[in-house]
Amino acid sequence: MIILGLETSCDETSAAVVQNGKVLSNIVSSQCCHTDFGGVVPELASREHERLMVAITDAALSEANITKNDLDVIAATAGPGLIGAVMVGLCFAQSMAWALQVPFVPVNHIEAHMFSPFIEAGAAKGVPEEPFISLTVSGGHTLLSIIGTDLSRRIIGRTLDDAAGEAFDKTGKMLGLSYPAGPEIDRLAKQGNPSFHRFPRALTAQSQTSKSYRGNYDFSFSGLKTSVLTWLQKQSPEYIDRHRADIAASIQDAIVSVLQEKTVAAALCHQINSIAIAGGVSANSALRAAMEKECSRQGIRLHLPGPVYSTDNAAMIAALCELQISRGMRPERRYSTAPFAGMPS
């Protein structure tokens, strides 16, 4: 079975071809037009997707050495995401499927991230034959879920305010780093001291104020953003410039320690021996190192996506479509393109 996947949920235009668990192509075009604005401008994102969609799809088919007539299924992100951006990909995919007379399958973007750590192991073949804890962490979402052997999902924790990826980007902007600031903080933090300043770690055992962390797998990062802003306002520009790497390392340590503590605690509490981390923040080197160290100490298997599959990409869309078909699951026909749409049940 040959599946074309399309991804346009935010500011990456991507098309990929997957056949029997193997990624034949995965073309990703990251939009650079948002840098000057310090964040994604929805209207610009939609127009860029519209401009690039045909060329990116042609490139994916060409790299896979197939033609559009070889396709058996077309899958596309159906949300959550920027509504205009999602609609560009959906309309293109549905029109192409209708013209080729092949099935169209809408795919939930967050759900696709959850299974992205298994793409390199062969998509449908790589998923563990046991329940696992999924930490899906990106610029828009921070979710802890239990994934069953039947691919069922139960969310046990989520952000109460801001996502971890947004905390990286916004605090990085406060430090004068370019957008997206997450990778910039990761790079800069390698030169800094994570113990330079202790920023808050809300709803955790490390919190100096919270009393309600036990058995609570929700996240909160708005307080961290406020704390960083307030602290920076008290420092001189010269001091900030001199210690920029130390500040970046301290911010990163605060975010990573919360993600690591809650994810491992959830696995231990529910007696689950596998953890999968996905989403753009899963590319963060400190998060990977912290999770590898703690999972090794606790005897928990850790699944991480390759760097190319951490950020938004169409291979994960096609791979999840193939996984669902291989398990005999009926494609979801009803979907919501809303930014915070829930996963299909």
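In case you wondered, yes, glycine gets a Cβ from its N, Cα and C as well.
Remember, it's a predicted structure, so these values are computed and weren't measured experimentally.
The Fe cation binding site annotation in Swiss-Prot covers H109, H113, D312. Annotated substrate binding site per Swiss-Prot: T136, V137, S138, G139, G140, D169, G182, D186, N284, in sequence order.
Annotated features, which come from Swiss-Prot, shown on the structure.
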| residue | record | CB count, 10 Å |
| --- | --- | --- |
| H109 | Fe cation binding site | 28 |
| H113 | Fe cation binding site | 30 |
| T136 | substrate binding site | 26 |
| S138 | substrate binding site | 24 |
| G140 | substrate binding site | 21 |
| G182 | substrate binding site | 26 |
| N284 | substrate binding site | 26 |
| D312 | Fe cation binding site | 27 |
If you measure every Cα to Cα distance among T136, V137, S138, G139, G140, D169, G182, D186, N284, the residues said to bind substrate, what is the biggest one in Å?
-> 18
Can you tell me how far the Cα of N284 (substrate binding site) sits from the Cα of D312 (Fe cation binding site), in Å?
-> 15
In whole Å, how far is H113 (Fe cation binding site) from T136 (substrate binding site) when you measure between their Cα atoms?
-> 7
Near Fe cation: residues not in H109, H113, D312 with Cβ within 8 Å of the site Cβ centroid are E7, S9, T77, G81, I110, A112, S116, S138, G279, N313, M316, I317
